[in-house]
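Undergrad: Would you mind keeping the following structure in view while I ask a few things?
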Amino acid sequence: QLRYREAVLRAVDRLNEQSSEANLYRLLELDQPPKADEDPGTPKPVSFTVKETVCPRPTRQPPELCDFKEKQCVGTVTLNPSIHSLDISCNEIQSV
């Protein structure tokens, strides 16, 4: 069974794979995990913040050398690694 953080990191990897953006995202902040419970195959709510770098993915430049754009992501992940349930959406964080 995956830990909550591992499941979210997989979600960020999947987000990068499926993203139409030219740049990579990195996990910035992970909100509190749900209470430990029942079936690892049941989708769990998650909330986390990723930052998009301004560096293109093909350069493979270390993201920490790049400036960032920030997005807030919410959705669900499944902690059972054999079930690929992922429902994530991300929006630009509006500066106040």
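First residue shown is number 1, and so on along the chain.
Including glycine, each Cβ sits where the backbone N, Cα and C put it.
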Undergrad: With CYS73 as one half of a disulfide in Swiss-Prot, pick the other half from CYS66, CYS90.
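TA: That would be CYS90, the partner Swiss-Prot lists for CYS73.
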Undergrad: Taking just the CA atoms, what is the gap between CYS90 (disulfide bond) and CYS55 (disulfide bond) in Å?
TA: 19
Undergrad: To the nearest whole angstrom, state the Cα distance for the pair CYS55 (disulfide bond) and CYS73 (disulfide bond).
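TA: Each residue's Cα considered, CYS55 (disulfide bond) and CYS73 (disulfide bond) end up 20 Å apart.
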